[in-house]
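Structure, as structure tokens:
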Amino acid sequence: TGAVGSTPESSNEPFTKHKRKMIRLLVQMILPAILVTFVACNAPPVPLDDIVIEKTFTPERCDRMVKSGDFVRYHYIGMFPDGKKFDSSYDRGTTYNVFVGRKQLIAGMDKALVGMCVNERWMIKIPPQLAYGKDGYGDIIPADSILHFDVLMLDIWNTEDKVQIKTYHKPESCVRTVQVSDYVRYHYNGTLLDGTLFDSSHTRMRTYDTYVGIGWLIAGMDQGLLGMCVGEKRIITMPPFLGYGEKGDGSDIPAQASLVFDVILLDLHNPKDEITVEVQSLPDPCPRKSQVGDFMRYHYNGSLLDGTFFDSSYSRNRTYDTYIGKGYVITGMDKGLLGVCVGEHRRIVIPPHLAYGEEGTGTKIPGSAVLVFDVHIIDFHNPSDIVEITGVKPENCTHNAKRGDFVKYHYNATLMDGTYIGSTHNSGKTYDVVLGAGQVVIGMEQGLIGMCVGEKRRLVIPPHLAYGEQGVPGSAVLVFDVELVDLEDGLPEGYMFVWNGDVSPNLFSEMDKNKDAQVDTTEFSDYILQQVEEGKGRLAPGFEPQRIIQNMYDNQDRNKDGRITEDEFKLKADEAGSHDEL
């Protein structure tokens, strides 16, 4: 068009009349079209008879839609039809909070918001007669303005709302639920109704611990936790008047915000609780039950109420050994181990005030935690216990074993829980000892005394009469099934050799084979062994003969010169003192 009425300077050919006529016609056709376009761009908006809604985003789930009378929180951008912005909640950094259907909004907005879902976004076009009409709004909105609002719905609630609970996981076993005044430990994620996270115990890696129903929590949570089982997961939704109300929390929770808590309950107890005991396996018979002052060996698995493992004696491959009822263990365990039988399995549930209290252990056991112990009683005894002997004597029992006797017996040895320790039957050889010589543990000596050949006994020996704290394992009660196979009379106490008849008056000269007026070790040993062989004397049974003879010789050798003279040689009966000698 810039060329209209002008001659092109770039051409030497003059325009013909025909060409000029064609250009004039072309200009006449184009110019009206340009003018029409210009007028259309600046034309007034097309009048609206009613609101127009364009849904720009609709969430997959819509649990609730706005109804008249609901309170809503939403963000918006207000624009004129040409796109010019006249207002925005985003610019003010706060949502618009208002009741719908109570004439707190322009009529078009009151009408348009009904039916919206949380997180839904609409473009709402409102005619002037449903907005600010012919008066407009000050210098901001001219008269007869059509208004466009880009609205994002964030929250919906009603004054009639109550706490809403949706359980999405419940354990199969639920022996107890949360009641008023219970103390609970739980994890949670807290969000606004639009899903905005405002807090989480998981991120702090620490449970929220509190009393329920006595005002320590916001009202909605106080209500929402009631009836929960340990291990249960539920969604608790509450309106703001049961949450943080008109002011919010001053930071992450805005005013008038509905709250959503995703909760898993980990623990609950009541300050009045005592331990609970569940007997899972009870041996039959149970001849004895544990009492205060007993020393016990037991295995255990320890867990929190939600099943979280914190300790086990099995993993250490060693029992836990302790006195019970005397404060050596936590109070709840002290109580829970009373009245048990050897071999019993029981579950002991202990509230925190009878365990590790508000502080926990600082590592695996959190503060205010209920503890669950699955225990297996291996054995127990009392420091005052004696050897327990059971058995039946044979009818023909003429000779009972006594101190000094040499006995031969078979045995099977186990712990109280039946764990195998050892047996002579495997080797086919008897176990041979002299009673009273300290060759076996005290409890075994006591259990063998009084037995007859052929008699069988069961001996239950407490550790202080067996291998004590250093045994294998330490502090273990031992069970021996013994059978006496043979018995040889011992010598009187203090004697290692006795004469079976009268003593020769020429004893010294008979020993002195080479007649040098002294007896050496060879002469002494040969003579004693000859007397034993001929049945004239007896050595103490169960000992190595040469060691006995050497001991006898040393006792007679008064001056320790390696020779016995006639002056040194005396019979035991002639001694004022007591010696293991002739």
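Cβ atoms are placed via backbone N, Cα and C, with glycine included.
Taken together, the residues of the domain 'PPIase FKBP-type' (69-157) have an average pLDDT of 97. What TrEMBL records for 69-157 (among others) is domain 'PPIase FKBP-type'.
Taken from TrEMBL, the feature domain 'PPIase FKBP-type' covers 181-269 (among others).
The domain 'PPIase FKBP-type' annotation in TrEMBL covers 293-381 (among others).
Residue counts for the domain 'PPIase FKBP-type' (404-488) by DSSP state, with H, G and I taken as helix and E and B as strand, are 13 helix, 35 strand, 37 coil. Residues or ranges marked as domain 'PPIase FKBP-type' in TrEMBL: 404-488 (among others).
The domain 'EF-hand' annotation in TrEMBL covers 544-579.
For 22-40, the entry in TrEMBL reads transmembrane segment.
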The domain 'PPIase FKBP-type' (181-269): DSSP-derived helix, strand, coil residue counts: 16 helix, 36 strand, 37 coil
Summary of DSSP states over the domain 'PPIase FKBP-type' (293-381), given as helix, strand and coil counts: 13 helix, 35 strand, 41 coil
